[in-house]
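Take a look at the structure set out below.
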Ligand SMILES: Nc1nc2c(ncn2[C@@H]2O[C@H](COP(=O)(O)OP(=O)(O)OP(=O)(O)O)[C@@H](O)[C@H]2O)c(=O)[nH]1
């Protein structure tokens, strides 16, 4: 049995009752409204899968009600079928123009009405599934599966955008590059799965340490990057230090296992290509590596 909700709008209670019964018997949940204003109210509350809307109603006719329904964000894609005795060509065209997907003439034939309802409900369900899938794909396209941080491609794109904002509004912009120290040894000693857990725990420390406006990503295998908009070199260095210390003090899920990171912090210069800024941060990271690791250079 279907569990979709259908809102029926009619100013004649007897019509609501007959139609409600036909739809309930098919397994639909039914919501009702007896005028246009009430329809807007009920629709906003239940967000139905379909609206069956009478055209001729006092105060606000079905066309106006449909026009207003289509202005509400959550309802813009809810299909509306007009159910009316007014089915002249002008009426039908006017109905489609305000956003209806179909017309059913009164008096209606049950099997035809149900066939039209089923079709629109099915289309609506497929559209919602498609929307959800698109959202998931969009999320996947910018995130790293293992850590949930942003991925390499997205970080480069954001860095470039943040640079534009920083140049335009003359605000500081800094980046941090991190790399786990001797991570190969962790993998070799404890196995790849433990290595993955370490990457996740490190990512959690980063997620908890950064501000909402900072953009944290996994740049490569065991390399991380944080973009800090409107943040000076000095303040970004302090953030990087805090993360370094926190990671060094985090237990990594295996008795006695801790890891350290080395990092580099650089502030963006006006009109500097994104690659150059990235390279400066990376060079500073390698300076930290060569100076003994578990440190941040800027
Ligand atoms: N478990 C796990 N390991 C990864 C992943 N991506 C990269 N690695 C490992 O990260 C290690 C990086 O090793 P190296 O580049 O030699 O660096 P390192 O051992 O950290 O040494 P330094 O950077 O010089 O301190 C390699 O063993 C990679 O296999 C991943 O997604 N999961």
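Sequential numbering from 1, following the chain as shown.
Any Cβ shown, glycine's included, is placed from N, Cα and C.
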Which stretch does TrEMBL mark as coiled coil, out of 116-147, 148-179, 180-211, 212-243?
116-147
Let me check the 10 A CB neighbour count of residue 54 (4-aspartylphosphate). How many other CB atoms are there?
27
